[in-house]
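*Asks:* Straight from Swiss-Prot, here's the annotation block:
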type     : residues                                       : note
ACT_SITE : THR191                                         : active site, nucleophile
BINDING  : THR154, LYS180, THR191, GLU277, ASN414, THR419 : substrate binding site
Amino acid sequence: MSHWQQITGGVTAAKGYRAAGITAGLKASGAPDLALIVSDVPAIAAGVFTTNHMCAAPVRYCRQRLQTKGTAQAILCNSGQANAATGEQGWQAVLAQADMVATALGFSPEMVLVASTGVIGQPIPLEKMRQALPTLTANLSDGGGEAAARAIMTTDLVPKQIALEAEWEGQTIRIGGMAKGSGMIHPKMATMLAFITCDAAVSPHLWQEMLQRACDRSFNQITVDGDTSTNDSVIALANGQSRTPAIAEPGAAATRLEEMLTAVCVHLAKAIARDGEGATCLIEVQVSGASDDTAARQVARTIASSMLVKSAIYGRDPNWGRIAAAAGRAGVPFDASNLAIALGGIPMMRHGQPLPFDPAAAHAYLVQQAAASTDASGQQSIDHPVVIEVSIGSGSGRGVAWGCDLSYDYVKINAEYTT
């Protein structure tokens, strides 16, 4: 049973954080496009970033910054321009962004992290950003989490945010997060971005290790289209403002905090997968029986990323053969005679042999889950995924991955992205 409860507020739920999101004119659509998160005090900062060799200038900047100085006090994020494949001009733009935020807030540029998302190859409109900065900083508030979450959206249909609260040594610890992502989602960190705020006090090396493991179980286990972005970034701040005892070494307290951090990351990851471009439902692939968890996660992610599996789910077609084929090409050796597959609890294969099942019932399950993926108010839901269960043997390894179905709208959205 979890030891926390979900609360409102997103990145500003944790103590000592303010945020803002505004329209700076960076997008032709006039949608919000500039977000800022600020900690009242310097915070321990950890980051996990894309492995794409064409990584964007802000990714290179943040990676370098966190290697030399593991603290930060502000995160600036624009949407509309990725600042990737922009050469020296892009690098200088990142430095200018950090400098203008630092000047406005009164601290060193080294305390500012920068992120971007949008069209690759387009330069950052620095002058528009500079003109908008006074409005952005004036809008900073401890209720600005949702505005910030909306300002980092691109093809996203909904903002993605969460906050958790737990009682801790007679005090309260909170972790908040926001993310964006809808297309070009196949992170290897680690386009997707996630920003996490925490008011616990934790040592830098422990915080980085916690974030890496949390990402391995969440953001690195989602896929929409198999493309790894140039800008994938997860940045987590911990400012110690909860006044709880500092967590300096592994132990019970560190385990509890990591579980809470992982829960935030999993929620945001599932929200990204559900909001995949053109998607109508969330897919959850559960794999068991592997030699270890890493192998299980690899099989799960391969199945979740299969275009044939995704297409079948969109067509509400219980085609288990595509699931079996995807499992077999995951690069994880297993005995085919041990393979078992179930869809929505309906067994379809056991001991490597097909089982008789009612196709109409399986089809009805897929229809039901797709309908439940959008609630009565029209909001997306991550609580009713299409569940695919796969067992590949008798090992103790388990893993989960999330994806979405593949619809005609995915092609339409991406065919018209810059036109």
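Cβ atoms are placed via backbone N, Cα and C, with glycine included.
Show me how these features fit into the structure around them.
*Replies:* A sphere of 10 angstroms centred on the C-beta of THR154 (substrate binding site) encloses 22 other C-beta atoms.
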*Asks:* If you count Cβ atoms within 10 Å of each one, which of the binding-site residues GLU277, ASN414 comes out on top?
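*Replies:* Of the binding-site residues GLU277, ASN414, the highest Cβ count within 10 Å belongs to GLU277.
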*Asks:* Taking the Cβ of LYS180 (substrate binding site) as the centre, count every other Cβ atom within 10 Å, in any protein chain shown.
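*Replies:* Other Cβ atoms found within 10 Å: 28.
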